[in-house]
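Heads up, the thing below is written out as structure tokens.
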Amino acid sequence: MEPGVYYLLFIIWALDLSRLYLFWRQYRIIYSTTIPPPHLTGYIDSITFAEARESMMQKASMAMLSIVFRVCARTYKILTFGCAVAWAATWDIAGTTSSRAVAYNVLALFSARAPLIPLSAAVGVMSGHRTVNQAFHQMITEIFFLFVHGLVTAMLTMLLINMTDSYSGLLFLILFPISTAIGAIFTVLYVNIIVPQIHDKLSSGPLYERLRLITDRLRFPDEKIYVERISTTDIIDTNSDITNAYYCGILGANMVLLSQKLVNEFSEDEVAAVISHELGHWYCKHTSIYFGLTALELFLICNLLMWSYGNEWLFRVFGFDLIKDPPHPIIGVFIFVTMLFPLFKQISTMATGQISRYCEFEADRFAVRLGEADHLKRALLKITAKNNAFPVYDPHYSNVLLTHPPVLERLAHIDDSQNM
């Protein structure tokens, strides 16, 4: 067995067991926190808090089960040379290496997704969220969509094979500037064309005048503040959207979008504080940072995809016989995507999460400098309550796995910023 097998298993177990430990710590916090923290007194009632707590406990439990299942499945697949066995099985399905590569990718999809369908249905029944009939219909629906997904996967795989046959692994490096440019162009189109069509500009009134005090001071165009357009469904179902706001912008195209609930249910000062935070992202050029990080991550991914195309070391580690039954070079890419990319994504998410947390804290500090500290604290508490978000997090879990700091951390940071 190749030494690389043991290195790979060590990385898989180290990363997944670390995540399992962090989720276990968070589960303990949730389990031991049975009443709302003092900060939320008057903002959230005990029943709503209990519902948020129960929901978070279920999510943490499912996350831990998912991690255990994933690490065991990956380990079994590596030690039994599952990728090589799957490739050998395609011999009876297709003839050419290209058609076998298509069959391999579809089989990989089915083997990964199919076992989860009855598991998900069983969990739904046992947790009381679904009846047996509902679970059965859910299974039928998911099986149907799995076959549709398989058909689409087969067509896209054939297209990818045809393209790599022409450009080899360089195709993935060529895709980097194209994907980056498309992302930037789409963001500009979204801000300048799509958002004005599907949402409404903030109308004149007391809130508009309150926000103008901030936008004029910062020289941010107030016509670029939009409010979610309410639909007939939203009027009937008041829980159809969440209370939030976000800033989006790049290359001079900027906008802030407010949810209807934020505008309707928050005071003018609280909305102004939220806007101040979002404009902090604009003023501090956080979207440029995010775009740069995304481009860097995409560049690394494209290089790794190019490296994995036809990589003999990768084939040997996963047990392929390069002499008797050499795989199509694209199989190396599929192995990377299914076995190695999740590891890369875990590491990159933890790294970018630290930067994202810093940006959130910096945007909060910006709002404090604008004199909105007390209003922002009230707004954050109300947003947490109205979104039924569980507010208490283990500090290690929060620092490593959350891209946005939880509300209690943000309140403490705002207090520290006021005292500076």
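Cβ from N, Cα, C; glycine included.
According to TrEMBL, the transmembrane segment annotation covers 6-24 (among others).
The transmembrane segment annotation in TrEMBL covers 63-89 (among others).
According to TrEMBL, the feature transmembrane segment maps to 101-127 (among others).
Annotation comment: TrEMBL describes 139-161 (among others) as transmembrane segment.
For 167-191 (among others), the entry in TrEMBL reads transmembrane segment.
Sequence annotations record features per position, and here TrEMBL assigns domain 'Peptidase M48' to 238-416.
TrEMBL lists 289-309 (among others) with the feature transmembrane segment.
Here the transmembrane segment (329-347) has long-range neighbours at 8, 11-12, 15, 19, 70, 74, 77-78, 83, 87, 101, 104-105, 108, 112, 157, 160-161, 164, 168-169, 172, 300-301, 304-305, 308-311, 314-315, 318, 320, meaning same-chain residues at least 6 beyond its ends whose C-beta is under 8 angstroms from one of its own. According to TrEMBL, the feature transmembrane segment maps to 329-347 (among others).
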Average model confidence [pLDDT] within the domain 'Peptidase M48' (238-416): 90
Intrachain neighbours beyond the transmembrane segment (289-309), with Cβ under 8 angstroms and 6 or more residues off its ends: 164, 168-173, 175-176, 179-180, 183-184, 250, 329-330, 332-333, 335-337, 340-341, 344, 348, 352, 355-356, 359
Top partner of the transmembrane segment (6-24) among 63-89, 139-161, 167-191 - counted as Cβ pairs under 8 Å: 63-89
Positions whose Cβ lies under 8 angstroms from the transmembrane segment (63-89), at least six residues beyond its ends: 5, 8-9, 12-13, 16-17, 19-20, 23-24, 27, 100, 104, 107-108, 111, 318-321, 325, 327, 331, 335, 339, 342
